[in-house]
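**Q** Pulled from TrEMBL, these are the listed features:
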type   : residues : note
DOMAIN : 90-158   : domain 'Beta-ketoacyl-[acyl-carrier-protein] synthase III N-terminal'
DOMAIN : 225-311  : domain 'Beta-ketoacyl-[acyl-carrier-protein] synthase III C-terminal'
Amino acid sequence: MRGLQIDGYGVCLPSTTVTFGAETRYRAGAPVEHLSMLVDAAGRALAAAGVGPNDIDCLIGATAGDVQPIPCTAALVQEQIAPEAQCAALDVNSTCTSFITALDVASRYLRDGEYRRILIVAGDVGAQFLNPEQRESFELFSDAAVAMVVSSPSNEDAGVGVVASLQQTWPRFAHETELRGGGSWLPGRDFTPETDGDYRFDMNGRAVLFSASRVLPGFFERFFAKAGTSVEEIDYVIPHQASRALPLIMRRIGVPEGRYANYLRDFGNMVSASVPFALARAWDEGKVGPGSRVLLCGTAAGLTANALLLQL
């Protein structure tokens, strides 16, 4: 086990909501809100942890979309909350599962003694990149930001931390979920009204579901073998809120209804904020807490699968 404890977390949601039938989605009013939401969530997490910004010695940005290409998003957050702190700032990106990857990386830094207290910030304002003509994705996503402060357990024998983790990518499915424009391949200067679709989120939901259904059973079989446990021994599952097919995917890996978080109707797919938001909400609702064995998992563009077993 890699010792790690969650000291505090903070959530920031935009004030604007839209509804699609019985479903509610949160949408940021302007792109500038991305950084301000991350900073707000970070401040809430620090307050909940009872520490100040200068008590953080590493800040990890775990967003699917950057605030700007350079510098990293973590550096821009640090500029706002702790400009004089002696703190490392870096980003990790596995799109929708970036928080899981960041938590995995943080646990290794803490185990090795590289850092003692790490702030992870996750969140996106992806709604601005949605294509209104793709109704499935346009009605699915929400904007949000979540931050968590993690540290080495004060008691080495506390038995809290990362039990096991596994991440794998199947690049043959890489183009089933993508945003082609904005990088070096299709830079912003090449945008024209005719290429508008290349600068918007593009997802083939049916293909993604089919691909995930093919690879996830084997992936989780390998993960549970690595963790030395089974799905029956997990107290609660925090899955990425990927789509309305969430119950189907959970059944495919043997997780019964009532044993996993499902906030899709009220909050939708929050991209990189999805997993930490569901974890924070489940904690607030008393579904998880100290002593719980919790599985964080999800799929992301790539196609990537990510799983991390956390002992709280």
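Just so you know, glycine gets a Cβ as well, placed from its N, Cα and C.
It should be emphasised that the depicted structure is a prediction, and the values quoted were computed from it without experimental measurement.
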**Q** I'm checking region-level scores; what's the whole-number mean pLDDT for the domain 'Beta-ketoacyl-[acyl-carrier-protein] synthase III C-terminal' (225-311)?
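**A** PLDDT averaged over the stretch: 95.
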**Q** By DSSP, how many residues in the domain 'Beta-ketoacyl-[acyl-carrier-protein] synthase III N-terminal' (90-158) are helix, how many strand, and how many coil?
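**A** Its residues fall into 26 helix, 19 strand, 24 coil.
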